[in-house]
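Worksheet: the structure to be examined is printed underneath.
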Amino acid sequence: MSWSPSLPTQTCGAWEMKERLGTGGFGNVIRWHNQETGEQIAIKQCRQELSPRNRERWCLEIQIMRRLNHPNVVAARDVPEGMQSLAPNDLPLLAMEYCQGGDLRKYLNQFENCCGLREGAILTLLSDIASALRYLHENRIIHRDLKPENIVLQQGEQRLIHKIIDLGYAKELDQGSLCTSFVGTLQYLAPELLEQQKYTVTVDYWSFGTLAFECITGFRPFLPNWQPVQWHSKVRQKSEMDIVVSEDLNGAVKFSSSLPHPNNLNSVLAQRLEKWLQLMLMWHPRQRGTDPVYGPNGCFKALDDILNLKLLHVLNMVTGTLHTYPVTEDESLQSLKARIRQDTGILEEDQELLQEAGLALIPDKPAAQCLSDGKLNEGRTLDMDLVFLFDNSRVTYESQVSPQPQPESVSCILQEPKRNLPFFQLRKVWGQVWHSIQALKEDCSRLQQGQRAAMMNLLRNNSCLSKMKNSMASMSQQLKAKLDFFKTSIQIDLEKYREQTEFGITSDKLLLAWREMEQAVELCGRENEVKHLVERMMALQTDIVDLQRSPMGRKQGGTLDDLEEQARELYRRLREKPRDQRTDGDSQEMVRLLLQAIQGFEKKVRVIYTQLSKTVVCKQKALELLPKVEEVVSLMSEDEKMVVRLQEKRQKELWNLLKIACSKVRGPVSGSPDSMNASRLSHPCQLMSQPCTAPDSLPEAAEKSEDLVAEAHTLCTQLENALQDTMKEQDQSLRSLDWSWLQSEEEEQQSLERAS
């Protein structure tokens with residue numbers, strides 16, 4: 001639909017006339033704006049010179065529009081009151097919803113769509129137009145004039161919505177379902193309409209297939225620059241499976257059943273849509289649209305199967321090859337890995353599948369765990385669902401990536417850059433060169449995404465390693481504090497034991513146990529292992545920081561962006577040349593840009609893979625350190641338990657010793673303070689074995705008894721004082737040690753209790 005400048009201001013109540021939106025088969029379409037409500041509508045009015053037959057068609061279009069109700073067919077609106085009086089004739093006006101996105105032709109003519117729409121945009125277009133055509137056919141209506149100018153775009157809440165307009169040539173099916181009259185646009189017409197043969201709904205299949213092909217490739221499938229008579233005689237020679245009839249740069253006509261390159265489809269969609277186009281572009285109408293599975297008119301169901309595919313894109317970082325896999329909702333990740341092994345030769349156990357953020361796919365979840373709804377992002381590239389494949393059996397990566405093969409016409413001008421070409425060929429091949437440079441930039445960007453995914457995964461592993469290092473260091477300090485306390489306690493015990501052995505308690509068994517404890521704790525601590533691991537982790541940390549500081553560790557633009565912009569500008573200037581200046585020309589400047597882009601791509605890929613190899617080496621070191629740190633942490637945990645057990649054992653032995661000493665104090669005693677000692681207390685039988693001498697007299701015996709009682713009281717007091725001094729000394733010794741580690745453990749325990 002062509003756009004024109006604003007028309008002279010004209011009003012009808014609150015409605016104000018704006019610009020002409022386009023010119024249809026019967027008249028003009030003008031936008032009107034309601035100044036009070038902000039509502040906009042499109043008013044279609046007929047030209048005065050319509051023939052009776054076309055006046056009849058016009059009234060039929062209004063009747064059809066008013067009874068249709070489908071989201072992909074433009075809706076009729078009520079003509080505002082009083083506006084009919086402004087019509088240039090007595091024919092009724094047609095009011096329709098206004099779609100601010102313009103028509104599909106305007107969209108296709110944008111520079112970036114010179115080699116076809118983006119994959120997501122193609123899928124949403126096919127879905128919308130198929131839904132609209134199916135609705136029309138179910139209502140026994142053939143459109144007969146489906147083309148980009150008759151499809152308008154409306155921005156919905158989540159994506160663009162495509163709507164069919166201009167049913168001026170639509171035909172309701174009669175009882176025989178055959179029609180013989182037509183006046184329409186020739187380039188999208190089915191052959192039987194050109195031949196003025198009887199036709200059915202399959203004429204819309206041909207138009208839809210032609211439209212779909214143009215949206216995929218950027219040009220119409222069958223000799224788009226030929227006149228109708230020559231076109232018909234040549235194209236009818238194609239086989240039923242041929243979907244392309246084109247001229248090469250030498251003027252030779254070629255037939256092909258394959259979807260041409262370049263386009264923006266992945267390999268799976270390209271293959272499936274190629275077969276679907278073969279159904280839609282069959283020359284003979286009775287066979288057209290017949291699907292091998294769904295039968296006659298089964299093309300819509302076949303298209304549904306394609307549109308409902310869930311596709312996972314896997315970039316093999318070893319070779320740079322992009323693989324696409326249809327996956328089901330319940331397909332396991334292991335099943336996907338088996339398919340990947342068939343395509344890449346990488347064993348399942350060596351495959352690592354990372355998302356862009358560096359997260360690995362979860363083994364217990366289905367293969368489709370990372371897929372999103374691509375239909376909601378019709379303007380974006382397919383990288384949003386990209387998964388990066390790494391081979392864990394490799395310790396280094398070498399660049400095995402080469403630029404994609406060039407289209408035939410681009411290869412031709414690479415060999416002959418000075419060759420003059422007609423303007424229409426020059427325009428097409430320059431667009432393909434620009435697309436090739438774009439493809440190099442996107443391929444490079446995907447590889448860089450893969451390298452960054454590996455880097456993000458390394459940082460995740462390093463973060464885990466850092467947490468374990470901190471935990472290991474903290475545990476090492478706590479263990480050291482416990483060991484120091486235990487060793488100090490043992491040393492004090494042994495020292496005090498030696499001080500009192502001559503006149504005090506002697507126990508070889510107790511002494512041996514303490515010696516064994518002292519030797520046992522000498523093997524605890526793991527200080528050397530911890531120190532060695534910390535040194536290795538610090539060295540790894542330095543390597544990772546160096547990687548992050550590297551220019552390739554961050555997203556960059558650079559040469560390819562500049563070359564792509566220069567190619568775009570050359571192509572833009574060529575397309576915008578006035579018609580009288582569209583002469584033959586060569587492609588030297590474009591070829592120079594393409595060759596520079598190829599060189600820049602190869603150089604950048606080498607840098608990416610150098611960075612990737614360093615990343616993989618660091619990751620390997622991190623993965624080697626993780627189990628070693630876990631092992632040391634586990635050993636320190638066992639050491640800590642051992643120290644606690646030994647400490648408990650020592651404490652029990654000390655208290656048992658005190659218990660024995662106290663029990664002896666309460667037994668029979670004799671002698672004087674000078675002769676009484678712990679050795680005697682430990683052998684009470686010695687007290688009983690001393691000979692008794694009879695007192696000389698009763699008063700003397702009574703006096704001696706009083707002396708013994710006094711002496712016993714004195715000894716008890718001395719023993720109590722000695723025990724108190726010993727306990728006080730031990731308490732001071734305990735207080736002098738660092739007990740902060742126990743406080744931290746107690747706080748952790750309290751926090752856990754509050755959390756539970």
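Even glycines carry a Cβ here, placed using N, Cα and C.
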Checking feature assignment: region 'Leucine-zipper' per Swiss-Prot, candidates 84-105, 150-171, 348-369, 458-479. Which range matches? 458-479
Local confidence of the prediction over the region 'NEMO-binding' (737-742), expressed as mean pLDDT: 54
Give the residue from the recorded positions Gly27, Pro191 that has the most other Cβ atoms within 10 Å of its Cβ, counting over every protein chain displayed. Gly27
Around the Cβ of Val29 (ATP binding site), the count of other Cβ atoms that are within 10 Å: 19
Smallest Cα-Cα separation from Leu21 (ATP binding site) among the recorded positions Asp145, Lys163, Pro191 is shown by Lys163
